[in-house]
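**Student:** Shown below is the structure under consideration.
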Amino acid sequence: MPHVADSDDSAACPESTSAHPPELRGGSRRGGPGRVGPLPPELLDDDPGPRDACGVFGVWAPGEDVANLTYYGLYALQHRGQEAAGIAVGDGRTVVVFKELGLVAQVFDEITLSSLSGHVAVGHTRYSTTGSSTWENAQPSYRTAGFGGPIALGHNGNLTNIVELASSLHERAGGLGATTDSDLITAMLAEHPGPTLVDAALAVLPRLQGAFSLAFADASTLYAARDPHGIHPLVLGQLEDRPEGAWIVASETAALDIVGARFVREIEPGELVIIDAAGPRSLRFAEADRHVCLFEYVYLARPDTTIGGRSVHATRVEVGRRLAREAPAEADLVIPVPQSGVPAAVGFAEASGIPFGEGLVKNSYVGRTFIQPSQTIRQRGIRLKLNPLRDVIEGRRLVVVDDSIVRGNTQRALIRMLREAGATEVHVRISSPPVRWPCFYGIDFATRSELIASGSGVEEIRESLGADSLAYVSLEELIEASEQPADALCRACFDGIYPVPLADADKLGKHRLESFGPATTEEVIAQAVRARVTLGMNGADPSPDSHDADIEPVPLVPTRTTGGSL
């Protein structure tokens, strides 16, 4: 039987909830008909390419159907994770969590959504960058806080000091079978002696290193927080004309558009936002040192999203123009690798004067194999996803524009397919620089051995792919196209300069929490405590208690964030 967490009747006083776990639903249909998530490994190619950790969405909206709003918000963020989805809803007394492996549309139906009633919700779409793809690791993660009441949390990003954090937790802070850094954050919040979740957040957030964009909630209140570098996006929006107020937090502005919310502003790096009946309020838990992931502009974000005041679509088109000027090619047709290569191909065609065409047809009913977890080599996978238009490309010299090359298997297969379909020449142009360094902040290429460019020059890569020519846009041109200051971007995968210090290699990796041996966070923490790993805490000094901190109103004027103090 599921447990239900109760509190008093006041929706404005989440701190008064009593200590019972939230109600947990889902998991019973794993493997059943119509509930599968990723495609079977035998149908996938082994080049998942750049894959982001997750998408997060949160709603505080009394009188609204928050579960449905969250469902549509997650639909807009499906591209950020296809392994699992979940929604947690609070009604002032309880928090109900429903999560399942699979796509948003596979996980939720009308009956499920109608059972999730309340005024505050947190939703999540997952791709695993720490912890395996299991039901237990699906989010929102959930705990009962020692100071009373449930916590549900969604996390986009990846922490780099998880071993250190796990060693600091008490054995009683264990979980329900999860092995993720997200569950670790939730456990730390729950373990804090309180007396409120705000106090816990101000104590815990400065201790986290790496990338984190968080949406979390108790039974009554919505919270959002972003790491001091603002590596992955997180935005605040408002549903207007609601007498009691209605607020949204989301990984991307496109999710605000889908639910009809007005963009207010970005959640600042190092900021904690609290939303309840008193309206949105803001606290700073760390000084901002902005380093937004440059790969968000290249591939991760939707083209209809805005980051740092700059349209992602406009950035990609401009990169294509600059690429055409940097690396021209004699050809008859410019074709994109759909869909993420389309804007850059448009820009390349525009600047080069070579006609733009669609030479590859994408099967819209196949999930992004880029963010599927399989690493199994299957040539059928690429054909399942993309197929050439012979009558368009036969007898023609092609410029093929793609957003990036990670391992190279997809591009190698595509070039072979295009030649089989009659292309006389295939010139590959890439709208990002060579990916030479692993990412530890939430994109799943975590070892240099996975990266074709880490030990190979452009000519070696060209020969490996079988292209007639190969060129990448320069890092300088990509940065200029983003219209962001170079020192406000994380470029680590391109230049090896990491804005957040990294732990030793043996303390990094997707399955690090599992490599302790036991399978659950509870056992991991217990083992770490017994081992007494002595790793001293790094990072910012603890923030003051909420009783001594000034909680400032959130500015409602849409402004481009600067990373400065509030």
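Every residue number used here counts from 1 along the chain in the order it is shown.
Using N, Cα and C of the backbone, Cβ positions are placed for all residues, glycine too.
TrEMBL does not curate its annotations; it predicts them automatically.
Sharing the feature lines straight out of TrEMBL:
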type     : residues                       : note
ACT_SITE : Cys54                          : active site, nucleophile
BINDING  : Cys293, Cys439, Cys490, Cys493 : [4Fe-4S] cluster binding site
BINDING  : Ser340, Asp402, Asp403         : Mg(2+) binding site
DOMAIN   : 54-278                         : domain 'Glutamine amidotransferase type-2'
REGION   : 1-49                           : region 'Disordered'
REGION   : 538-566                        : region 'Disordered'
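Describe the structural context of these features.
**Tutor:** According to its DSSP assignment, Cys54 (active site, nucleophile) is in a strand. Other Cβ atoms within 10 Å of the Cβ of Cys54 (active site, nucleophile) number 27 in total over all chains.
Annotation for Cys293 ([4Fe-4S] cluster binding site): same-chain Cβ neighbours under 8 Å, separated by at least 6 residues, are Ala211, Ile231, His232, Leu300, Tyr441, Gly442, Ile443, Leu489, Cys490. Following the DSSP three-state reduction, the secondary structure of Cys293 ([4Fe-4S] cluster binding site) is strand.
Asp402 (Mg(2+) binding site) carries a strand DSSP state (E or B).
For the domain 'Glutamine amidotransferase type-2' (54-278), the model's pLDDT averages out at 92.
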**Student:** With a radius of 8 angstroms around the mean position of the C-beta atoms of Ser340, Asp402, Asp403, what other residues of the same chain does the Mg(2+) site pick up?
**Tutor:** Val298, Tyr299, Pro336, Val337, Gly341, Ala344, Val401, Ser404, Ile430, Ser431
**Student:** Just to verify a number: CA distance, Ser340 (Mg(2+) binding site) to Cys54 (active site, nucleophile), in angstrom, no decimals.
**Tutor:** 18
**Student:** Whole-number answer please: how many Å between the C-alpha atoms of Cys493 ([4Fe-4S] cluster binding site) and Asp403 (Mg(2+) binding site)?
**Tutor:** 14
**Student:** Enumerate the residues of the same chain, Cys293, Cys439, Cys490, Cys493 excluded, that satisfy the criterion Cβ within 8 A of the mean position of the Cβ atoms of the recorded [4Fe-4S] cluster site; list them in sequence order.
**Tutor:** Ile231, Leu294, Phe295, Tyr441, Gly442, Ile443, Arg491, Ala492
**Student:** Determine, to the nearest whole angstrom, how far the Cα atom of Cys54 (active site, nucleophile) is from the Cα atom of Asp402 (Mg(2+) binding site).
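**Tutor:** About 22 Å separates the two Cα atoms.
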**Student:** For Asp402 (Mg(2+) binding site) and Cys439 ([4Fe-4S] cluster binding site), determine the Cα separation and express it in whole Å.
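**Tutor:** Just about 20 Å between their Cα atoms.
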**Student:** Hey, does DSSP put Cys490 ([4Fe-4S] cluster binding site) in a helix, a strand, or just coil?
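**Tutor:** The residue in question, Cys490 ([4Fe-4S] cluster binding site), is strand (DSSP, three-state).
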